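Inspection log for the structure reproduced underneath, given as structure tokens.
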Amino acid sequence: MLEQLLIFTRGGLILWTCKELGNALRGSPIDTLIRSCLLEERSGAASYNYDAPGTAYTLKWTFHNELGLVFVAVYQRILHLLYVDDLLAMVKREFSEIYDPKKTVYSDFDDIFRQLRKEAEARAEEIKKAKQVDKPVSNNMGKKQSQLHRSGLEGGNKKKSDGESGNDSGDDDDNVKGRKLEAHSKGSYVANRNVPAKGIANGKENGSSNNGAFDVNKLQKLRAKGGKKTETIVNKVPKEETKKKITKKNRVWDDSPKESKLDFTDPVSENGDENIQIVAADQGESMMDKEEIISSESESEEDEEAEKGTKVEAKKKGWFSSMFQSIAGKANLEKADLEPALRALKDRLMTKNVAEEIAEKLCESVAASLEGKKLGSFTRISSTVQAAMEEALVRILTPRRSIDILRDVHASKEQRKPYVVVFVGVNGVGKSTNLAKVAYWLQQHDVNVMMAACDTFRSGAVEQLRTHARRLQIPIFEKGYEKDPAIVAKEAIQEATRSGSDVVLVDTAGRMQDNEPLMRALSKLIHINSPDLVLFVGEALVGNDAVDQLSKFNQKLGELSPSASPRLIDGILLTKFDTIDDKVGAALSMVYISGAPVMFVGCGQSYTDLKKLNVKSIVKTLLK
């Protein structure tokens, strides 16, 4: 049974609900659909499942893009109603005819909906009965066809054996029939059955050139000859190399002075203590506090490409037809009109390192938002699609909540407790290095920071963090190796409370998303210590793997947590952003799959190389 049907505008104004149904929905399925599906550019999906206490709903929807209306139907998932899609299409058609933008009450639509619902249910019943009637007939037909197919095969084999026994002067009709049956059994038609005697005399099955085949023996001989040639070439190369033996020399430039020393490692004293230089105030201002300036070169390049595109299209279509269409505009955009532009856009996103699955979902969502919309005058479909995709990308990458860490730190300080940040991620992405960058940035804002060395698994992890702590003059809490990281983090937070530290940055061991024991330990650490922020550290180099990493990290943290409401990933720190050129798609993939914002971007090796994500710059790079 249908639970509810709503019609509302894209602005959120409810125009009509079915009073007859009037069932009180458990939970808030409509709000969840809008928040997690429609606003997140996942509207290309066929349906949305919502789990509420004691029941489970399925939601289906459709848009009227020209009028800006949304039609949503809600029903219990266990029922599998067949008429919902048909009913939504009919409601959309009938309601669009009586819709008035100035009108907000549509009580007269109740009778129309009642009639439409009866028609949809009756049509669904007819289709169901027709399927039940057709099933036995189709089964019988299938059995008869299989029997005929078997008899045909047997006949073909018999005639083939008769032909091979030496009756070459038999009836031509029998040979033709045998050929046809063999062709059907193999799936292809053989034009010439009688192979010339030349191939048989030579003792080679594939020796005839008349039947279109190739000689395997000749191919093997050619390969053997090619192999001998390559062997002789390979054997000659070492002789030439042994004659030359040129040693590489350092290049000396005329203008530059000679470098006397290339070893810049820190000297070690007799006791083994490193003389580490203090750089807390020497590195300068962090890039987090600097505003990034976007050059206008990309905009001019886009304009030039658009002009070239219009010229090419004008040449293809002809001057008069293209001019008339651009002035008059297209009546309504259909899916077939959007497919070429969306296909090109999907390929462009994938070349920028966006995961294929996410690029496809984005294109489906953009198609759903544009289908049925009227194309304005002097506008092209490709530019309309690109503008819609740009809006969607900005909406996805813009954080839905405040990510001002400094404000949250001061709020925790007023409550006299430290602000705890846990860094998680796979192996080798740069968690410890970027933790030090975040510590340096917080130091610049007069925040007392403490590091917690909870990577008790990797060799040298504690020493690496200790080096950063000495260079930045930051206290570090460590307990060595082979300890429970959850207990180490708990003791570090207690020590920070006693010493008056404002922030505790917890370093954890790198782990693959499929390693259940390590993921269980991480889930325990988060559950026991309840951090204020869980940061996922990921490389900007990953493509399709970003989806797998983040989705499985969130999945494992939820499954392995003993809490009823487990903590998931709150934010993302993208590393190695300076090595990817224009392949910035990992940022989009990670945000889309997790819903968490990109809070920091690592873009170099020094402590100052940490900045915010510039959404406009990323979107322009993706669509360039």
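In case you wondered, yes, glycine gets a Cβ from its N, Cα and C as well.
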Residues flagged as region 'Disordered' in TrEMBL, choosing from 248-270, 547-569: 248-270
Which sequence-distant residues neighbour the domain 'SRP54-type proteins GTP-binding' (597-610)? Criterion: at least 6 residues beyond either end, Cβ under 8 Å. 279, 283-288, 397, 399-401, 403, 405, 430, 433-434, 436-438, 440-441, 472, 535, 540, 571-578, 587, 590-591
The domain 'SRP54-type proteins GTP-binding' (597-610): mean pLDDT? 92
Please count the residues of the domain 'SRP54-type proteins GTP-binding' (597-610) that DSSP assigns to helix (H, G, I), strand (E, B) and coil. 0 helix, 6 strand, 8 coil
